[in-house]
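Input: a single structure, listed below in C-alpha coordinates.
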Amino acid sequence: MGAVTSCIVFIQTGSLTLALLAVLAVSAVLGLVHGVLCVTLRANQVVSGLAMTLFGTGLSAYLGKPVSGQPLPGAVPKLDLPSLQGIPVIGPLFGHLDLFTYLSFALVLALHLFIHRTSWGLSLRAVGDNPATADVMGIPVLGLRYACIVIGTMMIGLAGADLLLVYTPAWNEGMTAGRGWIAVALIIFARWNPVRALVCAYFFGALDTLGLRIQLTGIEIPSYFLKMIPYLVTVAVLMFLGWRSRGKPSGAPEALGLPYIREQRF
(Lines of atoms letter the chains of each structure in order from A and count residues from 1; the text may use other names and numbers.)
(Lines give C-alpha, C1' and ligand atoms only; values in the text may rest on other atoms or scores of the structure.)
Protein backbone atom coordinates (compact mmCIF):
# COMPACT_ATOMS: atom_id res chain seq x y z
CA MET A 1 0.00 0.00 0.00
CA GLY A 2 2.92 2.34 0.60
CA ALA A 3 4.03 2.11 -3.00
CA VAL A 4 0.64 2.70 -4.62
CA THR A 5 -0.29 5.46 -2.16
CA SER A 6 2.93 7.37 -2.82
CA CYS A 7 2.44 6.94 -6.57
CA ILE A 8 -1.14 8.23 -6.62
CA VAL A 9 -0.50 11.21 -4.34
CA PHE A 10 2.74 12.19 -6.07
CA ILE A 11 1.11 12.10 -9.51
CA GLN A 12 -1.85 14.14 -8.28
CA THR A 13 0.09 16.75 -6.29
CA GLY A 14 3.71 16.59 -7.45
CA SER A 15 4.70 16.91 -3.79
CA LEU A 16 7.05 14.38 -2.22
CA THR A 17 6.12 15.64 1.26
CA LEU A 18 2.39 15.08 0.72
CA ALA A 19 3.07 11.66 -0.79
CA LEU A 20 5.06 10.56 2.25
CA LEU A 21 2.49 11.98 4.68
CA ALA A 22 -0.24 10.08 2.85
CA VAL A 23 1.82 6.89 3.05
CA LEU A 24 2.28 7.32 6.80
CA ALA A 25 -1.44 8.00 7.31
CA VAL A 26 -2.64 5.02 5.27
CA SER A 27 -0.08 2.73 6.89
CA ALA A 28 -1.09 3.89 10.36
CA VAL A 29 -4.75 3.10 9.65
CA LEU A 30 -3.86 -0.40 8.44
CA GLY A 31 -1.68 -0.83 11.51
CA LEU A 32 -4.58 0.15 13.75
CA VAL A 33 -6.79 -2.45 12.08
CA HIS A 34 -4.13 -5.10 12.62
CA GLY A 35 -3.73 -3.90 16.21
CA VAL A 36 -7.44 -4.18 16.93
CA LEU A 37 -7.46 -7.72 15.57
CA CYS A 38 -4.36 -8.90 17.43
CA VAL A 39 -4.22 -6.81 20.61
CA THR A 40 -7.87 -6.16 21.43
CA LEU A 41 -9.63 -9.12 19.80
CA ARG A 42 -6.64 -11.44 20.41
CA ALA A 43 -6.74 -12.96 16.95
CA ASN A 44 -3.91 -15.17 15.76
CA GLN A 45 -1.20 -12.75 14.68
CA VAL A 46 0.06 -14.88 11.81
CA VAL A 47 -3.43 -15.28 10.36
CA SER A 48 -4.16 -11.58 10.82
CA GLY A 49 -0.86 -10.61 9.22
CA LEU A 50 -1.49 -12.84 6.20
CA ALA A 51 -5.03 -11.49 5.88
CA MET A 52 -3.80 -7.89 5.98
CA THR A 53 -1.11 -8.73 3.42
CA LEU A 54 -3.62 -10.26 1.00
CA PHE A 55 -6.02 -7.37 1.56
CA GLY A 56 -3.29 -4.81 0.87
CA THR A 57 -2.13 -6.69 -2.22
CA GLY A 58 -5.61 -6.79 -3.71
CA LEU A 59 -6.51 -3.21 -2.80
CA SER A 60 -3.24 -1.81 -4.14
CA ALA A 61 -3.74 -3.71 -7.42
CA TYR A 62 -7.21 -2.17 -7.78
CA LEU A 63 -6.21 1.38 -6.83
CA GLY A 64 -3.06 1.25 -8.92
CA LYS A 65 -4.72 0.42 -12.26
CA PRO A 66 -5.23 4.08 -13.34
CA VAL A 67 -1.57 4.96 -12.66
CA SER A 68 0.04 1.70 -13.76
CA GLY A 69 3.19 2.29 -15.79
CA GLN A 70 3.25 6.08 -15.38
CA PRO A 71 6.89 7.11 -14.82
CA LEU A 72 7.92 9.18 -11.81
CA PRO A 73 11.39 10.44 -12.74
CA GLY A 74 13.27 12.46 -10.17
CA ALA A 75 10.72 12.00 -7.40
CA VAL A 76 13.47 11.67 -4.81
CA PRO A 77 16.64 13.56 -5.76
CA LYS A 78 20.10 12.51 -4.68
CA LEU A 79 21.67 14.42 -1.81
CA ASP A 80 25.29 15.54 -1.94
CA LEU A 81 27.42 15.54 1.20
CA PRO A 82 30.63 17.41 0.29
CA SER A 83 32.17 16.63 3.67
CA LEU A 84 32.12 12.92 2.81
CA GLN A 85 32.85 13.02 -0.91
CA GLY A 86 36.51 13.83 -0.39
CA ILE A 87 37.13 10.76 1.77
CA PRO A 88 38.48 7.72 -0.11
CA VAL A 89 36.14 4.70 -0.23
CA ILE A 90 33.60 6.31 2.14
CA GLY A 91 32.93 9.25 -0.19
CA PRO A 92 31.88 7.24 -3.25
CA LEU A 93 29.75 4.94 -1.07
CA PHE A 94 27.96 7.43 1.17
CA GLY A 95 28.47 10.90 -0.30
CA HIS A 96 25.76 10.86 -2.98
CA LEU A 97 22.68 8.90 -1.92
CA ASP A 98 18.93 9.43 -1.81
CA LEU A 99 16.91 10.70 1.14
CA PHE A 100 15.53 7.29 2.09
CA THR A 101 19.00 5.77 2.42
CA TYR A 102 20.19 8.47 4.79
CA LEU A 103 16.89 8.19 6.65
CA SER A 104 17.43 4.46 7.13
CA PHE A 105 20.78 5.11 8.82
CA ALA A 106 19.24 7.70 11.15
CA LEU A 107 16.24 5.53 12.03
CA VAL A 108 18.37 2.51 12.88
CA LEU A 109 20.63 4.60 15.12
CA ALA A 110 17.62 6.21 16.82
CA LEU A 111 15.92 2.84 17.32
CA HIS A 112 19.07 1.27 18.75
CA LEU A 113 19.50 4.12 21.24
CA PHE A 114 15.81 4.03 22.12
CA ILE A 115 15.76 0.30 22.84
CA HIS A 116 19.03 0.10 24.76
CA ARG A 117 19.49 3.54 26.29
CA THR A 118 16.05 4.75 27.42
CA SER A 119 13.55 3.75 30.09
CA TRP A 120 10.84 3.41 27.44
CA GLY A 121 13.09 1.01 25.55
CA LEU A 122 13.50 -1.06 28.70
CA SER A 123 9.72 -1.06 29.10
CA LEU A 124 9.34 -2.17 25.49
CA ARG A 125 11.68 -5.11 26.00
CA ALA A 126 9.85 -6.03 29.19
CA VAL A 127 6.53 -6.06 27.33
CA GLY A 128 8.05 -8.28 24.65
CA ASP A 129 9.55 -10.79 27.08
CA ASN A 130 7.13 -10.83 30.01
CA PRO A 131 4.02 -8.69 29.57
CA ALA A 132 2.44 -9.89 32.83
CA THR A 133 5.36 -8.66 34.92
CA ALA A 134 5.48 -5.43 32.90
CA ASP A 135 1.78 -4.89 33.60
CA VAL A 136 2.31 -5.34 37.33
CA MET A 137 5.06 -2.71 37.16
CA GLY A 138 2.57 -0.24 35.69
CA ILE A 139 3.79 -0.40 32.08
CA PRO A 140 0.92 0.08 29.56
CA VAL A 141 1.28 -3.27 27.81
CA LEU A 142 -1.57 -2.91 25.33
CA GLY A 143 -0.72 0.71 24.58
CA LEU A 144 2.90 -0.15 23.80
CA ARG A 145 1.84 -3.02 21.59
CA TYR A 146 -0.49 -0.74 19.66
CA ALA A 147 2.26 1.87 19.31
CA CYS A 148 4.78 -0.67 18.02
CA ILE A 149 2.33 -2.11 15.50
CA VAL A 150 1.38 1.31 14.14
CA ILE A 151 4.98 2.56 13.97
CA GLY A 152 6.03 -0.71 12.36
CA THR A 153 3.38 -0.49 9.64
CA MET A 154 4.36 3.13 9.00
CA MET A 155 7.95 2.02 8.42
CA ILE A 156 6.70 -0.72 6.09
CA GLY A 157 4.75 1.92 4.18
CA LEU A 158 7.88 4.06 3.82
CA ALA A 159 9.72 1.01 2.50
CA GLY A 160 7.06 0.62 -0.18
CA ALA A 161 7.35 4.31 -1.04
CA ASP A 162 11.13 3.95 -1.32
CA LEU A 163 10.72 0.98 -3.65
CA LEU A 164 8.49 3.00 -5.97
CA LEU A 165 9.97 6.50 -5.76
CA VAL A 166 13.64 5.50 -5.84
CA TYR A 167 14.21 1.91 -6.92
CA THR A 168 11.52 1.43 -9.60
CA PRO A 169 9.96 4.85 -10.37
CA ALA A 170 6.72 3.51 -11.89
CA TRP A 171 3.84 1.57 -10.36
CA ASN A 172 3.21 -1.97 -11.54
CA GLU A 173 1.12 -4.65 -9.89
CA GLY A 174 3.24 -7.08 -7.91
CA MET A 175 6.29 -4.82 -8.01
CA THR A 176 7.31 -5.74 -4.45
CA ALA A 177 7.90 -9.32 -5.67
CA GLY A 178 7.79 -10.79 -2.17
CA ARG A 179 10.53 -8.58 -0.74
CA GLY A 180 8.49 -8.17 2.44
CA TRP A 181 8.92 -11.85 3.21
CA ILE A 182 12.67 -11.43 2.83
CA ALA A 183 12.39 -8.65 5.43
CA VAL A 184 10.71 -11.08 7.83
CA ALA A 185 13.52 -13.59 7.34
CA LEU A 186 16.02 -10.77 7.70
CA ILE A 187 14.75 -9.94 11.20
CA ILE A 188 15.27 -13.57 12.23
CA PHE A 189 18.71 -13.52 10.63
CA ALA A 190 19.58 -10.34 12.57
CA ARG A 191 18.25 -11.81 15.84
CA TRP A 192 16.03 -8.78 16.45
CA ASN A 193 18.97 -6.37 16.57
CA PRO A 194 18.45 -3.08 14.62
CA VAL A 195 22.11 -2.58 13.68
CA ARG A 196 22.52 -6.14 12.44
CA ALA A 197 19.22 -5.77 10.60
CA LEU A 198 20.62 -2.75 8.74
CA VAL A 199 23.69 -4.70 7.65
CA CYS A 200 21.57 -7.68 6.61
CA ALA A 201 19.16 -5.44 4.70
CA TYR A 202 21.91 -3.94 2.59
CA PHE A 203 23.43 -7.39 2.08
CA PHE A 204 20.16 -8.70 0.66
CA GLY A 205 19.77 -5.46 -1.28
CA ALA A 206 23.15 -6.10 -2.87
CA LEU A 207 21.99 -9.58 -3.82
CA ASP A 208 18.90 -8.05 -5.39
CA THR A 209 21.01 -5.88 -7.67
CA LEU A 210 23.55 -8.63 -8.37
CA GLY A 211 21.36 -10.03 -11.13
CA LEU A 212 21.36 -6.70 -12.96
CA ARG A 213 25.12 -6.41 -12.63
CA ILE A 214 25.63 -9.90 -14.03
CA GLN A 215 23.37 -9.14 -16.99
CA LEU A 216 25.38 -6.01 -17.78
CA THR A 217 28.56 -8.08 -18.02
CA GLY A 218 27.05 -10.04 -20.90
CA ILE A 219 27.15 -13.40 -19.13
CA GLU A 220 24.31 -15.53 -20.50
CA ILE A 221 22.32 -16.61 -17.45
CA PRO A 222 18.51 -16.84 -17.57
CA SER A 223 16.98 -13.74 -16.00
CA TYR A 224 14.53 -15.85 -14.00
CA PHE A 225 17.42 -17.55 -12.25
CA LEU A 226 19.05 -14.21 -11.45
CA LYS A 227 15.81 -12.99 -9.89
CA MET A 228 15.80 -16.09 -7.69
CA ILE A 229 19.16 -15.28 -6.08
CA PRO A 230 17.90 -13.26 -3.05
CA TYR A 231 15.22 -15.84 -2.27
CA LEU A 232 17.57 -18.81 -2.62
CA VAL A 233 20.06 -17.11 -0.31
CA THR A 234 17.25 -16.39 2.17
CA VAL A 235 16.25 -20.06 2.29
CA ALA A 236 19.89 -21.11 2.63
CA VAL A 237 20.52 -18.64 5.46
CA LEU A 238 17.42 -19.74 7.36
CA MET A 239 18.41 -23.39 7.00
CA PHE A 240 21.91 -22.60 8.24
CA LEU A 241 20.61 -20.60 11.20
CA GLY A 242 18.14 -23.34 12.07
CA TRP A 243 20.95 -25.90 12.07
CA ARG A 244 23.39 -23.70 13.98
CA SER A 245 20.95 -22.50 16.65
CA ARG A 246 19.55 -25.88 17.65
CA GLY A 247 18.99 -25.79 21.40
CA LYS A 248 20.03 -22.14 21.63
CA PRO A 249 17.82 -19.09 22.28
CA SER A 250 16.75 -17.37 19.07
CA GLY A 251 16.91 -13.85 20.46
CA ALA A 252 13.22 -13.31 19.77
CA PRO A 253 11.00 -11.78 22.47
CA GLU A 254 9.55 -14.59 24.58
CA ALA A 255 5.99 -13.29 24.20
CA LEU A 256 6.28 -12.78 20.44
CA GLY A 257 3.01 -13.61 18.72
CA LEU A 258 1.16 -14.34 21.96
CA PRO A 259 -1.95 -12.38 22.94
CA TYR A 260 -1.90 -10.78 26.37
CA ILE A 261 -4.86 -11.61 28.60
CA ARG A 262 -4.68 -9.53 31.74
CA GLU A 263 -7.07 -11.76 33.67
CA GLN A 264 -4.65 -14.68 33.20
CA ARG A 265 -1.50 -12.96 34.40
CA PHE A 266 -0.82 -15.45 37.14
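Here the Cβ of each residue, glycine as well, is placed from N, Cα and C on the backbone.
TrEMBL lists 18-39 (among others) with the feature transmembrane segment.
Look at TrEMBL and you will find 46-64 (among others) tagged as transmembrane segment.
Only residues 6 or more beyond the boundaries of the transmembrane segment (99-115), in the same chain, are considered here, and those with a CB under 8 A from a CB of the stretch are 76-77, 79, 121, 124-125, 155, 158, 161-162, 165-166, 194-195, 197-198, 201. The transmembrane segment annotation in TrEMBL covers 99-115 (among others).
For the transmembrane segment (146-168), the list of distant contacts is 1-7, 10, 16, 19-20, 23-24, 26-28, 30-32, 34-35, 38-39, 72, 75-76, 98, 100, 103, 107, 124, 175-176, 179-180, 183: same-chain residues at least six beyond its ends, Cβ to Cβ under 8 Å. Annotation source TrEMBL lists transmembrane segment at 146-168 (among others).
If you look up TrEMBL, you'll see 180-204 (among others) marked as transmembrane segment. Remote same-chain partners of the transmembrane segment (180-204), defined as residues 6 or more beyond its termini with a Cβ less than 8 Å from a stretch Cβ, comprise 53, 104-105, 108, 111-112, 115, 156, 159, 230-231, 233-234, 237-238, 241, 250-253.
The transmembrane segment annotation in TrEMBL covers 224-243 (among others). For the transmembrane segment (224-243), the list of distant contacts is 177-179, 181-182, 185-186, 188-189, 204, 207-208, 210-212, 214-215: same-chain residues at least six beyond its ends, Cβ to Cβ under 8 Å.
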- Who are the chain neighbours of the transmembrane segment (18-39) in space, where the CB to CB distance is under 8 Å and they lie at least 6 residues beyond its ends? 1-2, 5-6, 9-10, 45, 48-49, 52, 56, 75, 142, 145-146, 149-154, 156-158, 160-161, 165, 259-260
- Message: What residues elsewhere in the chain lie close to the transmembrane segment (46-64), defined as a C-beta under 8 angstroms and at least 6 residues from its ends?
- Response: 1, 3-4, 7-8, 30, 33-34, 37-38, 171-174, 180, 257
